[in-house]
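Data first, discussion second: the structure below is written as structure tokens.
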Amino acid sequence: MLDSKQLRTELQVVADRLATRGFSLDVARIESLEERRKSVQTRTEQLQAERNARSKSIGQAKAKGEDIAPLMADVERMANELAEGKTELDGIQAELDAILLTIPNLPDASVPVGASEEENVEVRRWGTPATFDFEIKDHVALGEISRGLDFEAAAKLSGARFAVLRGPIARLHRALAQFMINLHTGEHGYEEHYTPYLVQAPALQGTGQLPKFEEDLFKISREGEADFYLIPTAEVSLTNLVAGEIIDAKQLPIKLVAHTPCFRSEAGASGRDTRGMIRQHQFDKVEMVQVVEPSKSMEALEGLTANAERVLQLLELPYRVLALCTGDMGFGAVKTYDLEVWVPSQDKYREISSCSNCGDFQARRMQARWRNPETGKPELVHTLNGSGLAVGRTLVAVLENYQQADGSIRVPEVLKPYMGGVEVIR
């Protein structure tokens, strides 16, 4: 969440910056709550001073043998008024906190201003899309030829937006995940983690999915116990490992990676990408998370993005990098790069990774801090996350970019060690 002090002292500046994201901040409501808060706080402080003075008078009156009953009654009355004032203050603060939980992060000054994905800025491209001298098939048709992708069987089990993978295609999917994990742990310095796929509400609030995006989540209600949610990304479980911690400066940067299934309701995706594996309720992803000193987070974002790019480069898949505009960034991001891989059947680039610097937005929600050696005081860390990569979409890209005229698939060179000698999937 945003810094409440910044919201109070720079309210209009914050509102103007949020407006570039298409978010309308209710300035009047916040000003009204802040005025009430100040008024009640001033009143309670004055009352506390009066109560302290009256309490002192009781001792003096008692020493003189005077009747202290009226003074005692006054002190008791003031104590009751103070309790009421505290309750009122707590209520006002709860309202302000509830508002804060719905406000997105402030975009960095380097983020291009724009209203939608149409105004994202291309930063660079890598590789050249292949030309085919035969009619291109999409990954669904290629999966049917090898009997490796079965959407009908998945629908029988679970309904729409699921897939069953078989044989060499299932092995290729596993190979991709293993390759990604090995690359990030072996060359990029991440520590592999295995985390729960079910989390409770505080974890999702910590990374920003709750309360605003509950409809995008799969919830498991339990009578008499805290609800569970299926993770929409390992960002939730990995980032929350530092919740409530004060981290020694020598431990930073912390670089974590995990391969997990991800679960999303796709509540706002009705009618989009209904064919194939591009948009599913359950998909695998290799997620990278970094926890860093605030002064180093923008540099870390460039490194995180490069780590994701390296996967595509080694797979020899053409891609481009976009700097997302203010109106297209995720809720918790200060700055985001999207990686889009070339999908031949669609004749366009499709998102395969999103790499974001969240600044201290998540850290403030989680109270994740580091001890600054210069001040000796705990300060909020900065957190970053990025897909390295979405495994299902990478599988789609490999199937389509490595297809041959007869519908067979060449196995990328870098994946052959994971495929037990299989070089072509038929």
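Using the three backbone atoms N, Cα and C, a Cβ is placed for every residue, glycine included.
Same-site candidate for L-serine binding, as annotated by Swiss-Prot with THR233, ALA234, GLU235, SER387, chosen from GLU287, GLU293, GLU299: GLU287. Most other Cβ atoms within 10 A: among the binding-site residues THR233, SER265, SER353, SER354, SER387, that distinction falls to SER353. The shortest Cα-Cα distance between SER354 (ATP binding site) and any of the binding-site residues GLU235, GLU287, SER387 is the one to SER387.
In this structure, GLU287 (L-serine binding site) is part of a beta strand by DSSP. Distance from the CA of GLU351 (ATP binding site) to the CA of ALA234 (L-serine binding site) is 18 Å.
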